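Colleague: Starting off with a structure, shown below.
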């Protein structure tokens, strides 16, 4: 597996662009006749573009995606559909493709009509810049951001067992309203491997489950979440699990970038749950801990208050024996065991708590849990809860 | 219904005491041969005192309760049980009652052995002060607090249909780790009405469902939650629903006091969901909104970002038609409708948003939702999420 340098433009037949004016940005991705699959928010209130994209993806084919930031186009009724289609038509007319082959996605404030007088000129400007270059990849990355502080991309080359080389490349945005099921996140992934629509959909679902769905910033699940993967079908080869692994890698990388850029976050947290009776149990326990406001504030204060960890495990809803649990806290090569199969190590060795405090002052902290009750594992990704999260979100619309 | 002045000591046969040294406090309540019922945390990791109290309440009778703050006596294994029983024995020996008639509760840091060298002298001092007076009621209220900033009590006199007057009085603590199911809250309620154990248990469950279980501060459910009600059985009368109403009133008052004193809270929020298909649906929707970090931070910033409200309704898991929903924001006699059966009123009248902002600057804000889909309602109670929540919790153990 090789990391590629050109982000979403690492696949040379993909054209990308991005343009921003103030808080409004528009990104376009383009490759005619791509096979496509997508996963959407499970929020009952979902944005107009999701309706449009779901419909346009019914035949498993698209040629372009247009994404705007600054307005979520959610809770906007018929007007929202109309304006979403207007953006799709703009792309279709410019690129001379059917409007049904254009997917649409939006992110921003909910419940306001799209200011087309602002967004349309931005979209036109973005479309003018459509090309394949490192600069275009940057622009595409940047124009979809909202409260994000860093662009997020990942591109790799991998190899099928038959020796065929293929690429997977993606960009995403997401920083707040990040919850158990994808938060306000938009992700767009491309590959050149010829993959059927059904396999693409299945592979995406599987990757999303382990990556974007394991990221929690604040527990609020957005109305606009979309992860879309499109294949240019240029590379033919005997399909095998290497594709899933490559897609997993890209999704996981993007998901971690979201957690690291969580609103106001100063630290990244990984919660690994091992030894669970089922994958579902491992997911529930790790997400419960990574989501806990009290664990998140303890991380912010570098306070090894592990009682909050066992507490969050306890209310996860999963059955386990608290007296068999192990808990450790680590960062890089450092790791301290605080609870060892139910035994609290810090009674005999109080200096362990000091070591844990030193670790919790690092930028990246890994909390490892073992239920000693089975062979399933899961990892959840999150960040600390800081003053800045409050600041950012107390002042977002006004 | 009449508000009584003497808190938990409004029932003259109840003796109460409280004493505190630094972060360790001990409260005792005493009335021999009380009928008793209790509701506990659903957290799978629960504290030693819960084991003890559950056992001692098996016959529906207790004579005293001892509560300590400063240490949760949770994740402390056999040693925790031993020390919990040691406190019960101290009460039993002092009051000359069987140890099995003493209930125990604790609140504080999880995963540390109880420092009996500190807590026992505090308990002895508390027991010395056991009496019936306004001062004793104050002490009992205060000694159970942890990060709470105000004592919480409520006492009322009510009347059965047959003319019998009876009293219900309670105290509680709770400020952080307050979640969908009772958070770190301890509540102790007394009544003089002669009620069977089964009716008492049923009435308590019903009241807790509508009060303590509807309070969310941070979504973390504690390991120690206990609400216990004891009846002195002095007042005989024809039991009717007036008792349930009185118990509801006291529980609701205490629950709201917890929400108002949420860690770092500057504002109190009530989320009323009307027009739901079932009570369960109404509970889910109102709790989802009151729990949302984004709604809570919007409240902190007095930002009428109602998109976050519809978003939180959407991920509550409840089926409803977003285009039929109404949302209003009010405080006292002021109220503005922002979404009226799916129509956003602020498009035509932008000044409505300004009015909403003025309302959100008040100390108590009511968000009213109507799903227009049935006749069930529920109300959830919470607070805003402020810098101070982060501050308090980033620095709690260290």
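All residue numbers here begin at 1 and follow the chain in the order shown.
Placed from the backbone N, Cα and C atoms, the Cβ positions cover glycine too.
Automatic, uncurated: that is what TrEMBL annotation is.
So TrEMBL lists the following for this protein:
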type	residues	note
BINDING	A:146, A:173, A:184, A:263, A:393, A:398	substrate binding site
ACT_SITE	A:184	active site, nucleophile
Colleague: What same-chain residues, at least 6 away in sequence, bring their CB to under 8 Å of the CB of residue A:173 (substrate binding site)?
Modeller: A:69, A:107, A:144, A:145, A:146, A:148, A:152, A:185, A:186
Colleague: Helix, strand or coil: which one is residue A:263 (substrate binding site) in, per DSSP?
Modeller: coil
Colleague: Can you tell me the three-state DSSP label for residue A:173 (substrate binding site)?
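Modeller: The residue in question, residue A:173 (substrate binding site), is strand (DSSP, three-state).
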Colleague: Could you say which of the binding-site residues A:146, A:263 has its Cβ with the most other Cβ atoms inside 10 Å?
Modeller: A:263
Colleague: In which DSSP state, out of helix, strand and coil, do we find residue A:146 (substrate binding site)?
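Modeller: Assignment for residue A:146 (substrate binding site) reads coil.
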